[in-house]
Amino acid sequence: MSQESGGDERAGVVLAGGHSTRFGAEDKAVVDLAGTPMIRRVVDRIESVVDELVVNCREEQVPAIRNALEGGPTASFAVDPVPDRGPMAGIMTGLRAGDGEYAFVVACDMPFVDPALVDHLFDRAAGHEAAVPRLDDQWFQTTQAVYRAGPMIEACERALERDERRVVEPLFDLDYVVVDEDEIRDHAALETFENVNTREEFEDATERLEGERSGYSSR
Ligand SMILES: Nc1nc2c(ncn2[C@@H]2O[C@H](COP(=O)(O)OP(=O)(O)OP(=O)(O)O)[C@@H](O)[C@H]2O)c(=O)[nH]1
Ligand SMILES: [Mg+2]
């Protein structure tokens, strides 16, 4: 991880507090994806572009996730005080635990997250309160975005008070920058946003990652 740089540290918050219901009985955070636990892939991909790593999850997930991350970059845990309040509550919990003024938030089921885009999102968020990718005519990619921790925490608190669970609710309270598709493509392939929800998506990701592996070894 890069050197701390007084006041402008960058945090990385990995969200893992969901129940993986579309995936099935296993916690997708720790499922073995082409030889590496999924959350470990995410952490490994972003560790070079953040100064600290925070994993947000439920209390009972901690041992298995700790095990999945063993031997890798150091990460701290931010356990949801109230579980199952949705990803936005998880973001709030994770941001509260970090030291960085800005934090990159990513879901544990995005194993193709591209560090070059993360770096760019930090650059774009500077002087604002968030930088959020948005593909043409699609949703904001709120679970692969950079937030300024203080204002986002407060905006999440307000949204939860209004009983709002969608992550765009706090976002709309912030001075946010939209990073559009052309700009995204300058830094990353769109697979950066792929998330693994179902067994089918898991098999697909496995095949591609194993293809990459055999591609490397045959060189
Ligand atoms: N802290 C916290 N994180 C959550 C919660 N629900 C989802 N997440 C996380 O938010 C990210 C995106 O959520 P989903 O893709 O819906 O994951 P999920 O909820 O585990 O899976 P499904 O049950 O199939 O919806 C994942 O990284 C989840 O771990 C929650 O209630 N609390
Ligand atoms: Mg869900």
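Placed from the backbone N, Cα and C atoms, the Cβ positions cover glycine too.
When the candidates D84, D136, D137, D163 are compared with the GTP site entry in TrEMBL, which names L15, A16, G17, K28, N56, D109, the shared residue is D84. For the GTP site, whose binding residues are given in the record as L15, A16, G17, K28, N56, D84, D109, the maximum C-alpha distance rounds to 17 Å. Fewest Cβ neighbours within 10 Å among the binding-site residues D84, D109: this applies to D84. Residue counts for the compositional bias 'Basic and acidic residues' (198-213) by DSSP state, with H, G and I taken as helix and E and B as strand, are 15 helix, 0 strand, 1 coil. Using a Cβ-Cβ cut-off under 8 Å and counting only residues 6 or more beyond its ends in the same chain, the compositional bias 'Basic and acidic residues' (198-213) has close neighbours at 22-24, 28, 31, 33-35, 111-112. The C-beta environment of L15 (GTP binding site), restricted to residues of the same chain at least 6 apart in sequence and closer than 8 Å, consists of N56, P87, G90, I91, G94, V105, V106, A107, C108, T143.
Other Cβ atoms within 10 Å of the Cβ of G17 (GTP binding site), summed over all protein chains shown, number 25.
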